[in-house]
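As annotated by TrEMBL, K(+) binding site applies to A:Thr109, A:Thr110, A:Gly218, A:Thr311, A:Thr312, A:Asn428. Marked as transmembrane segment by TrEMBL: A:12-31, A:37-55, A:67-89, A:131-150, A:180-199, A:232-255, A:267-288, A:324-347, A:390-410, A:451-472.
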Amino acid sequence: MNYSMIRYMLGLVSCFSAMFMTLPMLVSVIYKEKSGFSFLAVALFSLAVGILTARKKPQNRKMYAREGLVIVALSWIVLSIYGALPFALSGDIPSYVDALFETISGFTTTGASILTDVEALSNTCLFWRSFTHWIGGMGVLVFIMALMPAKDSSSMHIMRAESPGPSVSKLVPQVRNTAMILYLIYFGMTLVEITLLLIGGMPLFDAVTVAFGTAGTGGFAVKNSSIAGYSVFLQGVVAVFMVMFGVNFNVYFVLLRKKPRQAFRSVEFLTYIGIVLGSSLLIAISILPMFPNAFTAFHQAFFQVGSIMTTTGYATADFNTWPALARTILVMLMFVGACAGSTGGGIKVSRVILLLKGIKKELQMVCHPRSVKKVKVDGHVVEHEVIRSVNAFMVLYVVIFVVSLLIVSLDEKDLVTNFTAVAATLNNIGPGLEIVGPTGNFSSFSILSKFVLMFDMLAGRLELFPIMMLFVPATWKRV
Amino acid sequence: MQIIIVGGGKVGSTLAEQLSKEGNDITVIDRRYEVVQNLLNEFDVMGIVGNGSSHKVQIEAGIENADLLIAVTGSDELNLLCCLIAKKAGNCQTIARVRNPEYNEEMRFIKEELGLAMAINPELASAVEMARVLRFPTAIKIETFAKGKVEVLKFKIGKGSVLNNIQVSQIATKLKCDVLVCAVEREDDVIIPTGNTILRENDIISIVASPKHSSQFFKRINIVTNQVRNTMIAGGGEIAYYLTKQLLNMGIEVKIIEKDKARCEELSELLPKASIILGDASSQQVLMEEGLANMDSFVTLTNMDEENILLSLFARRVSNMKVITKISSIAFNDVINHLDLDTIIYPKYVTSEYIMGYVRAMKNSIGSNVENMYRLVENKVEALEFVIREKAPVLNKTLEQLDLKENLLIGCINRNGEIITPKGQDVLKLGDTVVVVTTNTGLKDISDILRD
């Protein structure tokens with residue numbers, strides 16, 4: 001374990017945390033709000049800590065997969081601890097535990113809130129809440145890598161630990177350029193969305209924050225009614241962009257290289273679009289009686305499906321009141337999640353594809369025990385190692401889910417609430433059903449449950465292993 | 001630069017490491033999943049599992065935008081096919097490793113017809129390097145710069161040498177010759193010396209000088225520099241064949257010990273002038289019987305690195321002869337450097353260095369301006385040749401005025417063929433080439449020698 005490298009990277013993260021906070025400070029200047037001072041105080045504090053810890057560069061810069069995982073896990077925890085401080089200091093969210101829950105929910109792009117009245121928050125805090133989505137969506141360390149002149153090849157370990165998906169591939173040979181391209185695509189798409197929202201008549205502040213929430217597939221809105229209060233056009237724009245940010249960014253990169261055929265032929269992309277459209281249609285049919293016309297029904301179904309599947313968590317309707325079929329489909333979509341290499345969470349479409357193909361292969365093995373078969377996706381053989389890690393992921397996923405559910409159930413809430421609360425946090429969605437449904441929130445959970453859910457959010461965003469690594473004693477041994 | 005490397009073996013991975021460190025975009029293609037995975041973990045490169053000679057795989061690797069494709073798989077035919085397809089699929093230069101001696105004789109034709117930019121034979125290249133060392137046995141390593149006008153020589157300060165306990169700045173005054181000590185290896189450290197550094201016994205030093213001055217220098221310090229008269233080679237592989245051919249041409253007697261009868265017969269057919277001995281080179285008796293003790297030099301070229309090392313150590317014990325050890329794959333450089341092994345040749349580094357030389361030259365046309373580069377100490381010290389171009393920040397300045405990086409030294413200035421050993425008052429002029437010796441690896445431009 002290279003402790004000095006971990007110290008150095010965490011110091012860098014502290015400095016970047018201070019840098020991120022300059023944006024809400026600007027907002028507070030515009031709206032002349034006092035909460036800017038708490039951001040200033042926290043930024044100065046984290047900058048001081050960062051400079052002190054990162055001042056001495058480590059002699060041994062060698063990192064292995066282990067260091068990468070630990071750095072990513074600790075960075076996210078450190079970042080959340082800093083990020084929660086301004087909420088508590090400014091008094092917008094008096095309890096620090098609640099503030100931490102809100103911040104982790106923000107960075108992990110979950111969008112689960114403990115706030116009963118969002119509109120009571122100052123604009124500065126609202127902006128920060130949404131901005132954490134944007135930073136967390138593509139990844140903090142990926143951001144740092146895009147900016148820092150890193151010569152170490154070992155930074156790939158960090159990228160692999162932070163980017164979602166069963167096997168992370170680079171877009172271009174150098175890690176730094178890959179990180180830069182990813183952020184450029186991300187930034188460009190966010191800008192386009194803001195522009196479209198402005199054209200649709202949304203106020204600038206709302207447009208920026210809603211776009212941040214969409215881009216990171218987060219789901220914090222600035223209105224109590226989430227997105228329901230905006231026009232159908234605006235809702236449509238948000239819905240389409242949610243689905244777009246749930247697509248593997250590799251597809252956009254290939255598109256930029258002017259190879260549309262190759263881009264749209266990806267199995268994961270086609271499956272993803274298929275699931276979105278198919279389940280929207282099914283839900284639309286089941287909720288048809290509740291709405292005046294088929295268009296509205298489809299619009300509502302599409303928005304909710306896009307929101308849940310990409311793990312964003314915006315809502316334009318209270319799907320708590322929808323028929324059982326519609327609600328069940330939504331809960332199932334929670335688990336599927338978005339594409340690998342997107343900003344969304346969940347199990348990921350590509351993993352689901354691999355799991356299903358793996359099952360098919362195993363079934364065939366039962367019939368013909370001597371048969372040799374390789375799983376193929378997009379014409380490429382998927383190595384056994386990848387399948388194995390996907391299976392391991394699934395097992396770990398179920399274990400974490402069950403244990404969390406057990407602890408949360410101590411709160412004596414109904415099963416649907418508990419089940420969907422864990423599902424909504426572990427998959428980084430936000431709203432679940434019943435008490436934690438689109439109109440509800442997480443404030444009524446006990447402190448213990450809140451910590452369990454915070455853990456779930458971090459574990460879900462970082463794809464389980466980095467966070468679980470922290471609990472393995474072997475990780476911390478020097479050798 | 002966009003470079004595709006086909007084959008992730010010893011040479012392939014060495015190239016991937018070096019080229020990616022110099023800021024190139026590297027994509028490695030290999031059939032083996034584990035190999036690609038390991039490369040991805042170790043270096044900042046992109047990897048593709050597949051057959052490098054397949055058009056589809058090459059497209060996936062981005063052949064259309066690539067500047068260079070280097071084919072270094074184990075098979076000559078595959079390498080040539082890769083290059084041929086790459087040439088048709090994209091507009092890139094190609095380098096192939098071709099080791100079969102039959103092809104080697106037709107190399108000119110193959111290169112021309114297939115449009116290869118370069119074909120490299122690792123065995124031949126290693127043999128050339130070994131022959132160069134045997135021609136000048138005092139040195140452990142010899143590199144030439146400025147088209148042979150400057151040499152960098154590496155040798156060990158022996159017992160009772162004049163250089164023992166001498167200050168570097170005194171060399172010029174005491175010995176009255178124009179050489180510059182540019183690197184000192186002492187135990188595990190490498191020092192780029194200043195005028196005050198004191199040389200000690202057992203230091204391995206590298207000097208920069210013109211050939212005339214270097215031979216003068218060696219005479220002054222009482223070291224005989226004649227080429228060896230005879231050589232014993234353990235193991236009769238391809239390198240042995242190429243080496244023997246060259247040594248015979250230089251008038252050096254060669255004795256090859258090989259344990260395979262068929263190979264012995266083949267060698268005796270190919271090399272009628274050499275004496276071929278059928279026997280096991282790892283047997284002490286065979287070696288002594290064939291007169292190892294009276295040999296001027298001994299080259300170990302068996303297929304086993306460990307055996308080569310042991311044989312060389314044994315030879316060093318028997319007599320104070322020149323010994324060259326070939327090491328193909330084992331790493332542990334730190335341990336190996338501690339052994340009394342004299343010259344060590346790593347075919348994979350020789351190969352990758354040849355290719356690196358070409359890549360750098362190619363890069364010259366697009367910005368970077370390293371003319372030539374050699375590693376003096378594996379992965380620690382590099383000697384680079386730069387051309388001073390217009391607008392270079394060092395142009396028309398005296399060396400005293402330059403704020404050079406630490407552990408960096410300008411070894412010599414070549415002004416229109418005249419070799420100048422640099423002093424503080426010398427000025428760098430347009431069109432000069434300079435040799436820079438440094439531990440800061442990865443310099444790309446002459447401006448990189450200055451402190452940021």
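Positions of Cβ are set from backbone N, Cα and C atoms, glycine also.
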Listed binding-site residues (A:Thr109, A:Thr110), ranked by Cβ neighbours within 10 Å, top entry: A:Thr110
Cβ-Cβ neighbours of A:Thr311 (K(+) binding site) (radius 10 Å): 33
Stretch of maximal Cβ-Cβ contact with the transmembrane segment (A:232-255) [cut-off: under 8 Å; candidates A:67-89, A:180-199, A:267-288, A:390-410, A:451-472]: A:180-199
Stretch contact, the transmembrane segment (A:131-150) with the transmembrane segment (A:12-31), Cβ-Cβ under 8 Å, 3+ pairs: yes
Proximity verdict for the transmembrane segment (A:67-89) and the transmembrane segment (A:451-472), three or more C-beta pairs under 8 Å: yes
For the K(+) site built from A:Thr109, A:Thr110, A:Gly218, A:Thr311, A:Thr312, A:Asn428, further residues of that chain with CB within 8 A of the site's CB center: A:Thr108, A:Gly111, A:His133, A:Gly216, A:Thr217, A:Gly219, A:Thr310, A:Gly313, A:Gly344, A:Gly345, A:Ile429, A:Gly430
Cβ neighbour count (within 10 Å, all chains shown) around A:Thr312 (K(+) binding site): 38
For A:Asn428 (K(+) binding site): intrachain residues, at least 6 apart, with Cβ closer than 8 Å: A:Thr108, A:Thr109, A:Thr110, A:Gly111, A:Thr217, A:Thr311, A:Gly344, A:Gly345, A:Gly346, A:Met457, A:Gly460, A:Arg461
Proximal but sequence-remote residues of the same chain as A:Gly218 (K(+) binding site) (Cβ under 8 Å, at least 6 apart): A:Gly106, A:Thr109, A:Thr110, A:Gly111, A:Ser130, A:Thr132, A:His133, A:Trp134, A:Gly136, A:Gly137, A:Phe212, A:Thr312, A:Gly313, A:Gly430
